[in-house]
Structure formats: C-alpha cells, structure tokens
Amino acid sequence: MNEKYVVTWDMLQIHARKLAQRLLPAEQWKGIIAVSRGGLVPAGILARELGIRYVDTVCISSYDHDNQRDLKVLKRAEGDGEGFIVIDDLVDTGGTATAIREMYPKAHFVTIFAKPAGRPLVDDYVVDIPQNTWIEQPWDMAVTFVAPLSGK
C-alpha cells in the first residue's frame, strides 16, 4: 500500500452517525451483526444511535496487521441475516464481504469505508478510499510524545 489514511476517533464517530442516519427508521431492524474486529466499534455507535440492544458478532480473520491472508471463520451469528444490519469498518478487496454475503444473504451489509474493488458488495458506506491506500484506524494507534524540532 502506497498511501495511508489516518482516521481519528472523532472522524469515526461522525462517519458512523452519518451511516446510522441512513439506517432509520430503527424499527425495521432486529439487530446488528458486527464483523470482528473492525466492525465492533462502529457497531457500538450504530447500536447507540439506533437504540438497538441486540448485537451479535461474526468473527472472521483475514488480516495480520497490514497483510491480508486466507479467511478463517472463527464464530458466526445464526440465521440468514434477515432484518439485521451487518457492519464492518471497511470493504477492501471484497474477500471478507463475499464470505459475509454468503453467510447472511438477506442482511443489510454496511461499512464506514469502501475501496473500489469491494464497493459492489455492500449496500451502503460513507467514505470512498482509493484501492492502494491503507487505513489506520484509531484503535490501532496511540498518541505519543514527539520532541520539538529544535530539540529543546
């Protein structure tokens, strides 16, 4: 990946609330299925904004920090997804999204960020990201001290 796109906590909340607005009215949803781990924080924000208390997870491993690898389903939520929002932070090449679509064909699949290769696989997203850009999520970063340029 050539470029980086840094996401702050504030940006993530703004984008997730924008997505929640599009998912109203909340009464149409039975619950939320968060794709672990990237979808966990966005799912919490959606659950709050939509007043949804039923939140489940599907646990799929496809990344090792910044490298994609083979998909492995560690845990799945029951059913075909009917009446559920499935949320992940990002749709990238579409590998995880394809597996999600197969598991939950009747779910409404949304992400905060979408790259061109994966866009056709989601029902809605908020932010377009170029394919060659790595997203640094706020839960993967920490604020650290940086010495002044003068060295004093």
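From the backbone N, Cα and C atoms, a Cβ is placed for every residue, glycine too.
Annotation source Swiss-Prot lists 5-phospho-alpha-D-ribose 1-diphosphate binding site at ARG37, GLY38, ARG69, ASP88, ASP89, LEU90, VAL91, ASP92, THR93, GLY94, GLY95, THR96, citing sequence analysis.
Annotation note: ILE135 (GMP binding site) sits in a strand segment as assigned by DSSP. All protein chains considered, the CB of ILE135 (GMP binding site) has 20 other CB atoms within 10 Å. Per Swiss-Prot, GMP binding site is recorded for ARG69, ASP92, THR93, GLY94, GLY95, THR96, TRP134, ILE135.
Annotation comment: Swiss-Prot describes ASP89 as Mg(2+) binding site. Annotation note: ASP89 (5-phospho-alpha-D-ribose 1-diphosphate binding site) sits in a strand segment as assigned by DSSP.
The annotation xanthine binding site is assigned in Swiss-Prot to ASP92, ILE135.
Per Swiss-Prot, the feature guanine binding site maps to ASP92, ILE135; the stated evidence is sequence analysis. Over all protein chains present, the Cβ of ASP92 (GMP binding site) has 24 other Cβ atoms lying within 10 Å.
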Fewest other C-beta atoms within 10 angstroms, as judged across THR93, THR96, which are the binding-site residues: THR93
Rounded distance in angstrom between the Cα atoms of THR93 (5-phospho-alpha-D-ribose 1-diphosphate binding site) and TRP134 (GMP binding site): 12
Nearest-integer angstrom distance between the alpha carbons (Cα) of ASP92 (GMP binding site) and ARG37 (5-phospho-alpha-D-ribose 1-diphosphate binding site): 15
